[in-house]
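Asker: Below: one structure in structure tokens.
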Amino acid sequence: MLEKTKKLLRIRNSTIRKMLAEALGTFILMVFGLSSVAQVVLGKGNSGHYLSINMAFGIGVTLGIYAAGGVSGAHLNAAITITECILGKISWTTLIAYITGQFLGSFMAAATVFALYYDAIYDYTNGSLTVSGPTATAMIFSTYPAPNVSLQGAFFTEFTATVMLILGVLVIHDEKNNAAIKGAQPMLSGMLVLGIGLGMGLNTGYAINPSRDLPPRIFTAIAGWGTAVFTDDHSWWWVPVAAPILGCLFGVFIYKLCIDFHNHPGHETEHEKEQAGMETS
């Protein structure tokens, strides 16, 4: 009985550690990302541009993964966590812990950036916090679709961008294929997010992550922007939640179909490489 209790305590402590790691990693990611958006919007283009936002999110991803990777694996993305659970790689308990940590870290990041730029936000808006209009500021914290993009087009954009995200993640981490060395994986993941932003950010701002979009949206609803953050743009809020999850699942399917199902175990692959090298020599 005592051994069983100790085992349960170890599992609980391990789960809490992973939750806290996900919280810190997501917090780092989001503070870098959201503060860069705030600086561009509130600085009216004089303190950064779209490229600086992409670079800041890439840096945030890199540092977030370095922070949490050794403890939790640094998902930092509810879509990836849900996909891992569906594939049976993590338990439902771990799923809840990871998403709780991600949402907590993201929410606290939004609150931190709001406090950091509080004066600038109220000066820019004259005290009127709006989702749309010439002094809109809700987009600092969460994504909103471009005016010329349909809801269907926006959904497809988020879906496709997340497919590319998970394909990139799998390419970087697949030990049975041609994985990057472990020390370089966080940096390459940051570059992956930078690339997605550079190529697929126009339509929706590339949320590609429910943990990046929903907690700050909840914060803005509480902090003064109101329920418009959920109702504007045809109740857009559910798209950056649902589309990344479906995109992540589809991306894993594509990778398994094209690469993973045909791969040999890592040691066999190395053996084949050695044979090929001997034959060449």
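Every residue, even glycine, has its Cβ placed from backbone N, Cα and C.
Copied straight from TrEMBL:
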type: TRANSMEM; residues: 20-41; note: transmembrane segment
type: TRANSMEM; residues: 53-74; note: transmembrane segment
type: TRANSMEM; residues: 95-118; note: transmembrane segment
type: TRANSMEM; residues: 149-172; note: transmembrane segment
type: TRANSMEM; residues: 184-208; note: transmembrane segment
type: TRANSMEM; residues: 235-255; note: transmembrane segment
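For the listed features, I'd like the structural context: burial, neighbours, distances.
Answerer: Tertiary neighbourhood of the transmembrane segment (53-74): same-chain residues 17-22, 24-33, 35-37, 40, 98, 101, 185-187, 189-194, 197-198, 201, selected by CB-CB distance under 8 Å and a gap of 6+ residues from either end.
Under 8 Å from some Cβ of the transmembrane segment (149-172) lie the Cβ atoms of residues 79-80, 83, 178-180, 185, 188-189, 192-193, 195-196, 200, 203-204, 206-209, 233-234, 236, 239-240, 242-244, 246-248, 250-252, 254-255, 259-260, all in the same chain and six or more residues away from its ends.
Within the chain, the transmembrane segment (184-208) has long-range Cβ neighbours (under 8 A, six or more residues past its boundaries) at 50-51, 53-55, 57-63, 65-66, 69, 74, 77, 79, 139, 142-146, 149, 153-154, 157-158, 160-162, 164-165, 168-169, 172-173, 239-240, 244, 247.
Note on the transmembrane segment (235-255): residues 77-80, 82-83, 86-87, 142-145, 151, 154-156, 158-167, 170-171, 204, 207-210, 212-214, 217, 229 of its chain, located 6 or more positions outside it, place their CB under 8 angstroms from a CB of the stretch.
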